[in-house]
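Below is one structure, written out as structure tokens, with a few remarks after it.
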Amino acid sequence: MEHITLLLGIVIVTALVFDFTNGFHDTANAMATTISTGALKPKTAVAMSAVLNLVGAFLSVEVAKTISGGIINEDGLKTEVIFAALVGAILWNLLTWLLGLPSSSSHALFGGLIGAAVMSMGWSSVNGGTVVTKVLLPAVAAPLVAGVAATLATRLTYRISSRTDEKSTAKGFRAGQIASAGLVSLAHGTNDAQKTMGIITLALITGGVLNPGANPPMWVIVSAGLAIALGTYLGGWRIIRTMGKGLTELAPKQGFAAQTSAATAILASSHIGFSLSTTQVCSGAVMGAGLGRKGGVVRWSTATRMFVAWGLTLPAAGLVGAGAELLTKQGTWGVATTAALLVGGSAVIWALSRRQPVDHTNVTAEEIGTPAVPSEPAGVVTTAIAAVSPPPAGPSVALAEDLAPFPADAPASHSPASAAAVADPARPATV
Amino acid sequence: MKIDWAALGSVFGVSLLVTVALVGLFTLGVVGLSKQEQAREARATGGGTAALPAQAGAYACFALCAAAVAYGIYLIVA
């Protein structure tokens, strides 16, 4: 451990923060419909999901050997590029959380990596074909696969149980839904915590702390599992609200059909080898279940906002990643500034979210204003979306505005990470 | 650029079939159990229909669903 340099330390902390936002962002996938149909109380649901995520992190020993799965050329990938990519991914995750939009954390990471790699090594470092097959095509396929399955399953279950009354069966469907949601949580812990372990391990290898091909040390596995579980437990209530109530209203039968189709599609895709994003599968399943019931309605305005966010994930995270890489290239002070900007940006987003908090007490309430997104941020949402709409220039501008005030008073921000990063610029980073 | 349509197609097919089969089975189980409850109430009031087949069928459905969940966990671990 004595060989861990300052930069490497920052990358590890940032990777764990990304892991945290990942858990935080993706609680909704497993638990949104479970909460909205009343199968589990909000706090119980996130606690169960957190435990299963933690268990999942220890279940599989096969840690991701690459970060991007071939999207970028990872030979000679520098530690600072990984750092810049993480910054892009974290900021995009937080922004979409503020807007209450479910979007893929993996795609955000890919976007950040692409941006940082292009800035560092040029366009040739990106495999365009792999971007299409691993990101764009799955983004279209995932909601279709899960959505069609959920629609048909919902129709079937309504047909079979048409002669029994709703009350006597609701309990059974809720129990079934909890089982499906548990599978989704477990699969998420296995996949996504492995991803963070992969990043940290790769950074340790790049930094010369571990030998190439080494397995992750125990502390990496434990800390990655804990970070994702903690994020899951704190719960991205805004996104849970959107998925559980904003897209459509679900009865226990529909919730069961949606969650089962999501679990099946996730396991089938990871087993057969055409990986689909968990978030997109789950959103598709929820919409499909909404359409499957007679008279069921999907709120397409919310769905459209979500689709726009999916489309923007790659370019937006990429732009932030590229900007961060431009800064980190300047040397130690650049890395410190980037870390300070990350902390500052996160603080601004958190402060904005406090204006209209959504938490476990009001996550399924009828009234916080407009269906998907709490009422007051509706203004924020529309302006932010307006600013974000013209890709790809928008998001970076919006973020830049958020971040603008911070460089000046960066040393004053008291978060431990930035304090360490900023207070220490004189110490030579040996990478 | 090579798109693996076969893999995409089988993900689609498998997801569709397994989801519909599982949801169908589970619904049959739930409906079977609720029928059994109705039958018990009917018996209490002097009706008395045979509830045993419905109950056995329901538990068979649940057993198949539990097997599917176990296979899912196996897929995650393996």
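Going from the start of the chain as shown, residues are counted 1 onward.
Yeah, the Cβs are placed from backbone N, Cα and C, and that goes for glycine too.
The following features are taken from TrEMBL:
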{"type": "REGION", "residues": "A:408-431", "note": "region 'Disordered'"}
{"type": "TRANSMEM", "residues": "A:6-24", "note": "transmembrane segment"}
{"type": "TRANSMEM", "residues": "A:45-61", "note": "transmembrane segment"}
{"type": "TRANSMEM", "residues": "A:81-101", "note": "transmembrane segment"}
{"type": "TRANSMEM", "residues": "A:108-126", "note": "transmembrane segment"}
{"type": "TRANSMEM", "residues": "A:132-153", "note": "transmembrane segment"}
{"type": "TRANSMEM", "residues": "A:196-214", "note": "transmembrane segment"}
{"type": "TRANSMEM", "residues": "A:220-240", "note": "transmembrane segment"}
{"type": "TRANSMEM", "residues": "A:307-327", "note": "transmembrane segment"}
{"type": "TRANSMEM", "residues": "A:333-352", "note": "transmembrane segment"}
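Same-chain residues lying 6 or more positions outside the transmembrane segment (A:108-126) and placing a CB less than 8 Å from one of its CB atoms are 18, 67-68, 71-73, 77-78, 80-82, 84-89, 92-93, 134-135, 195, 313-326, 329.
For the transmembrane segment (A:81-101), the partner stretch with the most Cβ pairs below 8 Å, chosen from A:6-24, A:220-240, A:307-327, A:333-352, is A:307-327. Among the recorded stretches A:45-61, A:132-153, A:220-240, the one sharing the largest number of Cβ pairs closer than 8 Å with the transmembrane segment (A:6-24) is A:220-240. For the transmembrane segment (A:220-240), the partner stretch with the most Cβ pairs below 8 Å, chosen from A:45-61, A:132-153, A:307-327, A:333-352, is A:45-61. Cβ atoms under 8 Å from those of the transmembrane segment (A:307-327) belong to residues 80-81, 83-85, 87-89, 91-92, 95-96, 99, 101-104, 107-116, 118-120, 131, 135, 139, 280, 334-335, 337-338, 341-342, 385, 388-389, 391-392, 394-396, 399-400 of the same chain, restricted to positions at least 6 beyond its ends.
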